[in-house]
Amino acid sequence: MNTILIVVIVYLLAMVVIGFLYSKKASQDGESFLVANRNMGSFLGGGSLASTYASTSSFLGTLGAMYAFGVAFGLWQNAGVLIGFTLATIFIAPKFRAYGSLSFSQFFELRYNKKVRFVSAIVTIVAMFVYIMAQLQGGAYAIQYVLGINYWVGVLLIGAVFILYVVLGGSHSSIIASFTQFVMMMIAMLTVTAVTIIVEPWGNTTSLALENDPVMLNLWGNEGPFYSISIFFMMILGAMSAPQVYLMYMFSKSNKVAQKNSALATTYLSIFYFILLLVGVFIIGNFPNLENPDMGYFHTLDMLPTVVAGVFVAAVLAAAMSSTDAMLLNATSAITNDLYSIISGKTLSNNVVVFVNRIVASIIGIIAILVTLNPPNLILLVMALAQSLMIGAFLIPLVLGLWWKKATAKAALAGMIGGFSVAVIAQFIPLPTPFIGGPLGALTSLILMVIVSHKERKSVYQDADIAQ
């Protein structure tokens, strides 16, 4: 049997074992299954949080986009993520966690009302579903490219494994698996970077990259300033809007631990994204005629021993699963904790809550697998769609809800629906870049929230004057 295939199988089995090990712990109640009893410490927290963002879109998608659009893409994207994480750590995480919600959408009821929570839950399900598709796609491409296995087999294999360990171990297995997966990703990128520098002096690498395409190392890339700046702002806003990131805050033991976890994650991602840029330049310089830019990473593995290459192929699968597990939990809680309680007016009893969560998680995962069997092209563009939807719907109601006492429920509802709608419509309109739909949605949401909030307050004052 192929050595790389054996290593990949060992990794996949290890993830399933993690699910079995934590299945009893996850079966205690809904809080244990969904948010790990809010007991995650800093040791696991920093790596787990970083792994929710260092996904397949980072490993394969960013390298592919740098190859297609220039290193500037990775530079501006990575800077945006780091700034977004920092802003979320300082201004959002402590206040958000103080609400003690069991799901991302529940916050919107605690701050506004049930209608806002309902819309938030719907958007969360849609956005998480699209995100899961992107991660499954990246992992399946990895298996197809390296092992020669059919794409659909890769989708089924990866999907089955991540569904199994999430369904079994819930958030407990998600934390352990995500931490393990981030360690694998970091070791892989550090090793590949070191090898590329050893086999070829950095000066030669940059010369080759410039020779293949003089624009590749330009600050603005081959698409110009507006393209790069739009990526930068989308990633800032995306990091501040992502439900899977706030899920990790809810896992934490305390606000202090949540902030420490976020600071550690930002540090880890700074290192990860920096070495990613170096690998991107090496790929541009040494592999000028790639048919599929997303697969550039695997060409660097030819320089490594087979067993090591197998581990680093598994690291790509780890990147896919490190995000999908948190996303699957988010989508699951949006249905079982949010939609069910809003529609029925009651919560699931402790006798059935874990069972229902497991069934719902399985159904979401299976549907995602079926849809991913017929994927779009660039992984990163699928991720950009999911981010746009979340930015348009969540950013402004979240930030204003935490920092502006005058923000009203009607305003939040208008802002969420309006922002989401603009982000969706933007996908069907020819725009200068595919990365401005989310920011346009956020701008729409901001305008609507401010106007409606002030209009409501003015109406209240007028009613008070009439009453007097």
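A Cβ is built for glycine as well, from the same backbone N, Cα and C atoms used for every other residue.
If you look up TrEMBL, you'll see 6-22, 43-69, 75-96, 116-136, 175-199, 226-251, 263-287, 307-331, 352-373, 379-404, 411-429, 435-452 (among others) marked as transmembrane segment.
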- prompt: Do at least three CB pairs under 8 A connect the transmembrane segment (6-22) and the transmembrane segment (43-69), leaving out pairs fewer than 6 apart in sequence?
  reply: no
Message: Using Cβ atoms and a strict cutoff of less than 8 Å, what residues sit near the transmembrane segment (435-452) while being 6 or more residues removed from its termini?
response: 227, 230-231, 233-234, 237-238, 241, 384-385, 387-393, 395-397, 400, 407-408, 410-412, 414-416, 418-424, 426-427
- line: Per the Cβ under 8 Å criterion, with at least 6 residues separating them from its ends, the transmembrane segment (379-404) contacts 55-57, 60-62, 64-65, 91-92, 95-96, 107-108, 111-112, 116, 119-120, 123, 126-128, 130-131, 133-134, 137-138, 141, 234-235, 237-238, 240-243, 294, 412, 415-417, 419-424, 426-427, 434-435, 437-442, 444-446, 449, 453
Query: Do at least three CB pairs under 8 A connect the transmembrane segment (6-22) and the transmembrane segment (263-287), leaving out pairs fewer than 6 apart in sequence?
result: no
Statement: If one takes Cβ-Cβ under 8 Å and requires six or more residues beyond its ends, the residues near the transmembrane segment (116-136) are 55-57, 61, 103-106, 108-109, 155, 158-159, 243-244, 319-321, 323-324, 327-328, 330-331, 334-335, 338-339, 342, 364-365, 367-369, 371-372, 375, 379, 382-383, 385-386, 389-390, 393-394, 397, 409, 412-413, 416-417, 420
- line: One stretch in 6-22, 75-96, 175-199, 226-251 has more Cβ pairs under 8 Å to the transmembrane segment (307-331) than the rest, namely 175-199
- request: Quickly jot the same-chain residues contacting the transmembrane segment (6-22) by Cβ under 8 Å, restricted to those at least six beyond its ends, or write none.
  value: 143, 147, 157-158, 161-162, 164-170, 172-173, 176-177, 180, 184, 307, 310-311, 313-314, 317-318, 321
